[in-house]
Amino acid sequence: MEQFNKVIETLAQGNKPSSADGVTVYESSFEQKDGTNLVMVKSGTDKYLLAAGESDLFSELNGESVGTGKVCALSHENRLVLNKYFDYTVPQAFGTKIATMGLGDRLGVASPGHIETTRNRKVKPILAQQSIRELTLLNRTMTDILDAASFAVFQEGYKDGYGADADHIKLEKDIAYAIELGFSFLTLDCSEQIRNDIEGASSEDIQKEYAGLPVDRKEYFNSHYLNKTFDVQGLEIKFDEDSLVKNVLVYGEAIDFMEHVYNEHVAKADKAIDFEISIDETETVTAPEAHFFVAEELRRRGVTVQSLAPRFCGEFQKGIDYIGDLEQFEKELHEHAEIAKYFGYKLSIHSGSDKFSVFPIIGKYTEGLLHIKTAGTNWLEAVRVIAVENPDLYRRMHVYAEDHFEETLQYYHVTPDLDSVAPLDDTSDADLPKYMDHDAARQLFHVTYGILLTAKDDSGKDLFRTEFFETLLNNEDTYRNGLVKHIGRHLDLLGL
Ligand SMILES: O=C(O)[C@@H](O)[C@H](O)[C@H](O)C(=O)CO
């Protein structure tokens with residue numbers, strides 16, 4: 001730890017240190033609090049908090065004494081100390097009056113680039129965002145992603161607020177735990193309560209099932225919707241008997257679940273929470289009148305949501321542009337946007353990565369007030385850095401991804417034409433980064449992230465993970481600049 005002596009001496013004198021002698025100093029992190037001076041540094045590929053100057057803050061930080069100061073690991077315990085003394089390192093809710101962007105960080109090292117991309121734009125970053133699926137596939141925890149985001153905010157000296165989204169959460173125990181941990185955003189995934197089977201059922205079976213509902217439940221719905229027309233900013237939403245019965249059966253159980261989670265968890269939380277309803281990851285495309293039905297029921301039941309993610313027409317597959325009829329998409333997106341405005345929440349766009357052809361449409365009709373969710377695209381930008389800086393590692397990962405691709409289809413719906421991917425042996429090192437501009441290669445890597453980052457050899461040694469992070473952390477600025485360019489393109493086209 002002697003390499004930090006000079007930095008600690010500088011801190012002890014109350015001065016801001018600068019990088020030298022192989023120690024990278026993140027000068028934006030420099031803080032002075034209650035007589036203690038702090039800065040984040042990197043030596044090799046390891047990051048630390050350096051502290052000098054006695055105070056309660058200094059005493060509470062856990063670290064190794066060096067000179068008159070301390071060298072502190074970026075541990076969960078030390079993150080909690082930063083949270084206690086620096087409010088800006090704690091995630092917050094933003095409500096419905098400003099655009100937000102989900103920037104899921106599967107690696108725990110993307111947030112500095114995300115912060116640089118968003119800090120001077122009309123959007124707030126939800127830096128900590130991982131679905132239960134991503135956490136499971138990466139063997140990470142909700143605490144891990146909060147730690148990574150908080151330290152990144154401190155490293156960058158970013159004090160304008162960020163969020164933390166417990167994404168695609170389905171179980172009440174996970175909801176309660178996420179709120180307890182301090183998440184500021186909850187994406188309730190109701191896909192398991194949505195009755196996709198109704199879509200294909202016969203009219204006779206549908207009517208029979210509806211007839212079997214309790215009388216008061218049928219009266220509750222019939223009295224408010226049957227043969228009624230609702231005017232949404234000039235858009236007429238009508239419910240005849242067939243459409244009402246279908247929406248009640250498809251979404252009724254899901255709406256009950258939303259109401260229960262809101263009343264038992266969100267409304268009782270001791271801090272503001274951005275509550276999002278996700279009905280996007282279902283086979284059933286959310287027709288505009290279905291969106292209205294769900295939203296009107298939430299309003300009737302006193303459930304306040306800050307955003308809602310419908311399942312749009314066409315396909316929002318991972319890591320590639322929109323697939324579908326742009327005219328139909330524009331028509332329906334306009335209607336969804338008007339419905340969201342009518343009820344006072346933001347439209348949420350899931351799998352928002354790389355949907356460049358529809359961003360202008362989305363930005364136009366949401367008038368720049370939306371939530372857009374991305375995650376895998378920044379993982380692909382990391383893969384691009386590997387392709388540039390460590391071709392041999394990229395080649396080994398590419399082969400492994402091809403060999404294990406089928407395993408990932410249980411988790412993700414992607415339909416890449418893998419035969420269109422240029423043979424690796426025919427591709428020069430210089431051309432490897434071009435794979436990240438090819439749809440099928442992008443999807444190949446997009447969904448195999450978990451398999452690649454947890455793969456081990458027969459002795460239990462990481463096949464790729466250690467070398468992957470070493471390469472990435474030795475090329476931080478390249479990764480940061482790649483994110484600023486790529487995520488920035490998303491925001492430019494959305495008008496944010
Ligand atoms: O891959 C995941 O599970 C998440 O990134 C999830 O898809 C997320 O809700 C999303 O839409 C990111 O684009």
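Along the chain as shown, residues are numbered 1 onward.
Note: Cβ is positioned from N, Cα and C throughout, glycine not excepted.
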Kindly point out which candidate in His76, His114, His168 is recorded by TrEMBL as part of the divalent metal cation site with Lys318, His350.
His168
What is the total of other Cβ atoms whose distance to the Cβ of Asp167 (active site, proton acceptor) is within 10 Å?
29
Same-chain residues at least 6 apart in sequence whose Cβ lies under 8 Å from Glu276 (active site, proton donor):
Asp165, Phe185, Leu186, Thr187, Leu188, Val305, Gln306, Ser307, Leu308, Ala309, Ser348, His371
Fewest neighbouring Cβ atoms within 10 Å among the binding-site residues His168, Lys318, His350 goes to Lys318
Alpha-carbon distance [Asp167 (active site, proton acceptor); Lys318 (divalent metal cation binding site)] in Å
16
Filtered by Cβ distance under 6 Å to ligand 1, the recorded positions Asp167, His168, Glu276, Lys318 reduce to Asp167, His168
Centre the Cβ atoms of His168, Lys318, His350, go out 8 Å, and tell me which other residues of that chain have a Cβ in range of the divalent metal cation site.
Ser131, Asp167, Asp280, Glu281, Phe316, Ser351, Lys373, Ala375
Rounded inter-Cα distance in Å - Asp167 (active site, proton acceptor), His350 (divalent metal cation binding site):
11
Could you tell me which three-state DSSP class Asp167 (active site, proton acceptor) falls into?
strand
